[in-house]
Amino acid sequence: MVSTVRFLSFFFVFSLCILFFIHPTFAAESDHKYQQEDPVTLWVNKVGPYNNPQETYNYYSLPFCQSPGNAAHKWGGLGEVLGGNELIDSQIDIKFQKNVDKSSICEINLDAAKVKQFKDAIENSYWFEFFMDDLPLWGFVGERSDKNIDSNKHLLYTHKNIVVKYNGEQIIHVNLTQENPKPLEVGKVVDMTYSIKWIPTNITFGRRFDVYLDYPFFEHQIHWFSIFNSFMMVIFLTGLVSMILMRTLRNDYAKYAREDDDLETLERDVSEESGWKLVHGDVFRPPRNLVLLSAVVGTGAQLAMLVLLVILLAIIGMLYVGRGAIVTTFIVCYALTSFISGYVSGGLYSRHGGKSWIKSMILTASLFPFMCFGIGFILNTIAIFYGSLAAIPFGTMVVVFVIWAFISFPLALLGTVVGRNWSGAPNNPCRVKTIPRPIPEKKWYLTPSVVSLMGGLLPFGSIFIEMYFVFTSFWNYKVYYVYGFMLLVFLILIIVTVCVTIVGTYFLLNAENYHWQWTSFFSAASTAVYVYLYSIYYYYVKTKMSGFFQTSFYFGYTMMFCLGLGILCGAVGYLGSTLFVRRIYRNIKCD
């Protein structure tokens, strides 16, 4: 166990050194430079209901006019494709620093089918997304007229007014305003037009993304207060746990170590004794379903390191700037950190005398990816049925599979072999007895199920406020950039999880229940249950999502997130409890 902690510490320091040298690669933003009247491409991306962020479709799924011929596509990275982006050249004539007062894009002949499509889009508050020089522009397709007697009159925006701010040879800011709404009537011809205005600015290229960051929201006083509150809870909890456990254990050690020669003491009824010392012959007994426990603990250790690395990369490299950069980084780092899952799993499995090594290796390498694949397969089937851009292309699936099969899987197998060989022989402080000790009945609040369920309350409380900001970023079009906050909250979560799990394990052992391994895992993993319950509240109270498609994606994505969070917290809780159990039984006299 100590060797595992040392290895994880070494791997973390090594990763920090790697990050120090490679972070410019992640942080770099293409310094696009243009000469006067150089062509500037306006890319159309996607369109969909504003209240359903994941329900997006190809921009030309609506009957907007499309230039003849095959328009160029801009293929992004892995994360960009997984995020449902498909950039197509609009073929609108835009030149650097050249103003256009008003120019025609095309004319749309409105027949019954087109009118119905546009009306349905306006009724569902469809919005669209463009990109110019990697900067996003947004706008609504149209609006419903409230000024006319006919409240069902739908108006289509026919003019796009684009304002571009530039500094020297670089584009700094773009803004789109939809104008000139026209009523949708069958048989009418609407002229789609655009205008371009270029304005110089003193804002530097490195600061051009700041306009998309919602500083008042993320740096609100409540956010700071929640961090401070969680930090104070950590100090209080760790102090309380240390005081209670040290005083209790000191008294227990004194009681168990005292050699009393008094005859009455020697003749006392053994049945009156109770406490954690009585289960010393069973506390290190191999847990049930050892293969599965090893796999989830190894996977959780990997996820903990993965989250820490991605947060540090986001802080160093501003990954929020690029489309899909966080997703790409997460996938690549997951593959590269797979060695950790194998190492931790292999060491744990070896120390408990496991024999089914092939099963252990395969389960460790494939457990979390295949759980995500199962959920993703269902969501992808729904997206294909709806014709949404959220459907993952087959080529992207192949790329993800290749990354897992040729990088992640071999590294996990290698880690398992190394962990098996480096773990050494079991060196438990107490010998395991041949016959298991019967577990006495205790009060309901000392049962493993109650301990497991209650164990997640405080860890959830420490991340509750941050979950609101994370959910709002992902589901409500805000760019999450306060990764310094996230790092603090993550460290607080780890500390609180370890403290709470140690307390639960101590109470369980004091109740003479030596099945602490799975209980320590589930008492920490139950944090994810409360997060999922909060997500249900958030869906119905904080969002306006609707429809089977968006509901499926919301709860599907949240389930994947909670599975990862549960495995991560469970592994942290188990590893912390393991150190605690080995520590308290190291100083007692075992028969």
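Cβ coordinates are placed from backbone N, Cα and C, and glycine is handled just like the others.
Annotated in TrEMBL:
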SIGNAL    1-27  signal peptide
TRANSMEM  224-246  transmembrane segment
TRANSMEM  290-320  transmembrane segment
TRANSMEM  326-349  transmembrane segment
TRANSMEM  361-386  transmembrane segment
TRANSMEM  444-471  transmembrane segment
TRANSMEM  483-509  transmembrane segment
TRANSMEM  521-541  transmembrane segment
TRANSMEM  553-576  transmembrane segment
**Request:** Could you name the stretch, out of 290-320, 361-386, 444-471, 521-541, with the greatest number of CB pairs under 8 A to the transmembrane segment (326-349)?
**Result:** 290-320
**Item:** Among 290-320, 361-386, 444-471, 521-541, 553-576, stretch most in contact with the transmembrane segment (483-509) (C-beta, under 8 angstroms)
**Value:** 444-471
**Asked** Are there at least 3 C-beta pairs under 8 angstroms linking the transmembrane segment (444-471) and the transmembrane segment (361-386), leaving out pairs fewer than 6 apart in sequence?
**Response** no
**Prompt:** What parts of the chain pack near the transmembrane segment (444-471), using Cβ distances under 8 Å and only residues at least 6 beyond its ends?
**Reply:** 217-218, 222-223, 226, 230, 233-234, 237, 480, 482, 485-486, 489, 492-493, 496-497, 500-501, 504, 507-508, 511, 513, 515, 518-519, 522-531, 534-535, 538, 542, 569, 573
**For the transmembrane segment (521-541), sequence-distant contacts whose Cβ falls under 8 Å of one of its Cβ atoms, 6 or more beyond its ends** = 293, 296-297, 448, 451-457, 459-460, 463-464, 467-468, 471, 475, 493, 497, 500-501, 504-505, 551, 554-555, 558-559, 561-563, 565-567, 569-574
**Request:** Please give the sequence-distant neighbours of the transmembrane segment (224-246): residues at least 6 beyond its ends with Cβ less than 8 Å from one of its Cβ atoms.
**Result:** 458, 461-466, 485, 488-489, 492, 495-496, 499-500, 502-503, 506
